[in-house]
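**Student:** Copying in the features that TrEMBL gives for the protein in this structure:
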ACT_SITE  D118  active site
ACT_SITE  D382  active site
DOMAIN    100-496  domain 'Peptidase A1'
SIGNAL    1-31  signal peptide
Amino acid sequence: MHCSNTAVRRGWRCTLALVLLLVAGISLSTAQLAAPPPWFHSLPSAGESAIELRAPAHLSSRSLDAQAQQRHFQSHALRRRAVQDANDTTQSLGLLSGAYDIPLNVSSPPQLVFVQLDTGSSDLWITSSRCISKQCKENGVLTLDVDKSTSFRTIQVDAAAALNLTASSFGDNATQTSTNSSTISKRADTDVAFSIFYDDDTAAKGVLGADEVRMAGLHVERQAFALIDETNVTLGAQGISGVLGLGFPRGSTIARSLVGYQDQIGDVSTLPLATSLLRTNVSYPMFGLYLTPTGGRATFGAADPIVLPTAQDRSLVQWHDVVPFPSGDTSLPANATLNVDAPALGSYVQWVVRLTAAGVAGRPATLTPTYTQVRETLALIDSGSSAILGPAADVESLFAGITNSRHVGGGRFVVPCDTTARMYFSFGGRNITLLPQDYLIGPDTLQPYLCFAWPAASPPDATGVDWILGTPFLRATYALFAIGINDVEPPKIGFFPLRQPADATEEAQVFQPEPTQSVLSWVSAQGTKINSVLPNSLVSLSMPSRQPYFFGNATATPSAGVVPTRVGASRTYSPILPTVEAGTAASLPVVASSSPIPVPSNPANPQTNAAACTTPHWIPAALVACILTYTL
């Protein structure tokens with residue numbers, strides 16, 4: 001996600017989301033990144049590529065025989081189908097000002113809030129009714145009143161009784177030096193403070209707490225989250241009370257900050273909410289996102305039966321390994337968080353995969369990894385960003401495939417609004433194709449024949465993540481996110497393309513130009529008009545200097561294959577996903593009901609929160625079941 005004047009809409013990675021264990025003397029640093037060009041304020045800043053918290057551990061893995069494991073998969077297929085879990089569910093999603101939101105019922109008795117879905121972060125935070133800021137009091141912003149909850153508890157710790165930790169931050173935000181040690185005199189239990197800072201001087205602050213949380217019919221009795229009591233983040237524009245991070249425990253500032261305190265906080269789950277929900281009691285530990293320009297659906301425990309109605313459809317989902325990262329830092333003390341929390345929280349941080357190809361109209365762009373140590377181009381799949389971002393050289397190479405495209409400053413490109421070329425991204429298997437309607441943003445108001453387009457160029461990230469593939473990409477594919485099974489199956493992402501038949505192999509099908517009139521109709525009706533002053537001459541695209549590779553002093557490098565997640569799903573699950581890259585699964589569970597749970601009325605949204613009924617044109621209309629009226 002990215003921080004702009006509507007900070008929550010697009011994300012957290014512009015600065016580090018910090019949990020400050022003030023009682024332990026821990027202070028994590030932040031970095032201020034460049035603001036977006038003033039003439040293009042509605043788009044992400046050049047600093048979007050900063051990614052928070054990426055230092056997973058290498059944990060020794062068992063040697064697995066791939067063929068034997070595949071036989072094991074097949075032998076369990078019939079049993080899996082027989083025990084389809086009734087807890088699997090489909091939840092309709094709301095959409096307001098670019099943010100896809102999902103309703104949560106928090107506390108006992110339940111209180112309704114809406115949070116943005118963000119696969120690019122891992123923490124849940126919710127605005128408190130005690131929030132003193134005017135942004136919390138905007139019309140329609142729902143807040144959580146813990147005084148009305150019989151189950152809420154503030155998370156408190158005695159720092160002197162915990163591990164002797166020294167905290168430091170990650171990636172572009174890293175100081176590469178340690179902060180104060182937590183070796184202090186014993187004191188009474190104290191609240192754990194939570195703070196998030198943004199590059200546009202917005203922030204959210206509060207404390208950690210735990211309460212019962214229900215989402216899409218699933219629930220956790222004591223889930224840790226941040227209760228915000230002060231913020232200048234605009235909430236009403238997005239119709240949300242906070243953000244739900246769907247990343248891994250290693251990426252959670254809450255989980256990282258509470259390493260070593262589990263014996264003090266008892267049975268509170270410090271894992272991200274999605275991980276807590278999916279570890280047990282569903283058919284398979286995965287969630288799916290189907291996003292459209294007007295809403296969407298999320299599934300938990302199984303695939304969406306509307307998008308993948310047949311076994312043949314489900315067999316066409318291609319699966320890709322999530323990338324683990326190096327861990328540790330030889331330049332820091334042994335008790336620094338970078339050196340101790342990875343074994344506790346697993347090897348994975350965010351939904352990052354290898355990007356093997358990208359291009360336009362069948363013309364491949366040149367992709368070059370930012371760091372030679374990484375050797376592969378990496379992409380973050382990010383539902384919390386409404387952008388597509390990449391390294392300057394890669395982006396320039398990609399736009400070279402669109403006639404009369406040009407850079408106009410700040411990493412932004414314009415193309416003719418009547419372009420018909422399809423854009424594509426590949427992760428080692430088939431292409432995920434984007435129509436012009438997917439990657440076009442909208443026309444310039446003074447030169448309406450020119451349209452701004454994704455991707456935009458962004459500075460390199462020190463962790464080696466080169467690309468951010470946000471909602472413009474996700475609307476072109478159905479994405480499934482499997483969190484992994486401890487010691488058995490690594491996390492994976494599955495893609496089912498929505499802009500061409502999933503089994504299409506002919507270039508004429510995959511790269512067929514979009515009809516000009518279809519593109520122009522979209523630009524006129526749905527394109528976002530951009531007030532700007534375009535330069536009258538060519539603007540060179542500078543290649544920003546890169547930071548030193550963050551993992552240059554790593555103590556361990558993860559190996560390929562199954563890496564123990566430790567905080568993944570229970571081994572009571574039988575693995576069903578392919579062991580080869582870009583492979584397919586023979587048996588994939590689907591939610592039994594094709595009717596999604598409706599979105600409750602959101603007081604911040606003046607229009608009905610209708611989850612989109614749009615489906616790929618090759619899915620028969622008879623298979624589509626949509627609910628258009630939503631009530632509490």
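Using the three backbone atoms N, Cα and C, a Cβ is placed for every residue, glycine included.
Just so you know, TrEMBL annotations never went through curation; they're auto-generated.
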**Student:** Just counting, how many other CB atoms are there within 10 A of the CB of D118 (active site)?
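**Tutor:** Other Cβ atoms found within 10 Å: 26.
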**Student:** In angstrom units, rounded to an integer, how far apart are the Cα atoms of D118 (active site) and D382 (active site)?
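**Tutor:** The Cα atom of D118 (active site) is 7 Å away from the Cα atom of D382 (active site).
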**Student:** For the domain 'Peptidase A1' (100-496), report the average pLDDT of the model, please.
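**Tutor:** The answer is 89, the mean pLDDT of the model over that range.
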**Student:** Within 10 Å of the Cβ of D382 (active site), how many other Cβ atoms can you find? Include all protein chains, please.
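**Tutor:** Result for D382 (active site): 33 other Cβ atoms within 10 Å.
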